[in-house]
Amino acid sequence: MIDLFDFVVLSSFIILLPLVTDFLNNTFPNAKIGRLAQEVVGMILVFFIVSLIFAGVSLWYTHFLPFYYTKSLLISFDTLNLLDLLKFINTDNNNNSGSSIFNKITFYFHIFFTIQLVVNLYYYYYQTITADNFLPKISKNKQIQLFASETTTTTTTTTDNINEKKNKLCGLCDQVSDGKWSTINKPKSHHCRICKRCIDSMDHHCPFAANCIGINNHHYFILFIGYTVMALIYACYLSFFPYYHCIVNYKNYVSLSFTNDNDNDNNNNNNFKQLAQSCAKFNKYSFIFLCCCLIVTASFGILLFQTYLIITNSKTVQLLSRLKKSKSFLDWFKWLYQNFKQNASINNIYSLFPNFKFYNLIIPYYKRKINKLNK
């Protein structure tokens, strides 16, 4: 029977799989491995990401935060969760000791911090996976009317000008629709072969969102990645304590718990014994720390890459296209450096996050969507 630990480990590896397929697809573009994987597992990844956040909150509630405060006292409760922990802290706080008051303050901080993390994570992820970045479809009849009206209203229109405007129509959209409709290309628009539509200001097709990252959700995607990194760092911090006590130093605690050289060490030995028993109860959940480290490393890499894109006003598809044209990785890295020197500006960040305020670090940020006519 699969338990919460097995689900977290399974989800961690499943979520990381698209990174491998993307790497293979970009390194060997003719193989099209990544494209096939994204088409098949997109919504499955969404399910696992949503479920993994919920599983993380459950483990935080029932395991890691209680262990963070109680450690050796964990064994004294049959099932220890936040309600039991709150009673324990309030009871201990009656002593009015400095450490007890500090524990109570930090306990409420952990509660507040986790709630705002979860709210922001779900909000930004929802906005990322539901955003519509498609360029409007233009039917064959509308194309004829459009070019006919331009011909009649513009006295200087030539055949070459009309052909130039027709060339702005996406040929791939025309193929997908069997000539029934197409879209007019815009600067930085790109045809997604997975969505089979042209995306306004496309950055990339994200397998983790089963959606393209474009004009209406790029900012939400970056904020989601940022809060994911923040949540994972917090998870690494809390999960480190059971990993350290129950994996790294477990043998020492077991040996010390049965060492009674003198009466002065009896209390310490009892604490070590209780901690050893607590670790036995914690069991394999101590290894969650390793899963957190694995995912936070990958997420932080994505965040760094997206930060570069924001500062330089670049897109992932643009960088990958440049990579394919480069003779070597060294030439590509030189181009990345030159691109940073020429285009890096703090104004690029402001343009992507207009009206972003300091309080949006806690309260979710909202950016008005770009209206699309004649969709």
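A Cβ is built for glycine as well, from the same backbone N, Cα and C atoms used for every other residue.
Here the structure is a predicted model, which means the values were calculated and not measured.
The following features are taken from Swiss-Prot:
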type	residues	note
TRANSMEM	4-24	transmembrane segment
TRANSMEM	40-60	transmembrane segment
CARBOHYD	N95	N-linked glycosylation site
TRANSMEM	105-125	transmembrane segment
DOMAIN	176-226	domain 'DHHC'
TRANSMEM	221-241	transmembrane segment
TRANSMEM	285-305	transmembrane segment
CARBOHYD	N343	N-linked glycosylation site
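Its Cβ placed at the centre, N343 (N-linked glycosylation site) has 12 other Cβ atoms within 10 Å. Within its own chain, the transmembrane segment (40-60) has Cβ neighbours under 8 Å at 4, 7-8, 11-12, 14-15, 17-18, 114, 118, 121-122, 125, 129, 194, 207-210, 231, 235, 238, 285, 288, counting only residues six or more beyond its boundaries. Along the domain 'DHHC' (176-226), the predicted structure has mean pLDDT 89.
DSSP labels the residues of the domain 'DHHC' (176-226) in these numbers: 10 helix, 15 strand, 26 coil.
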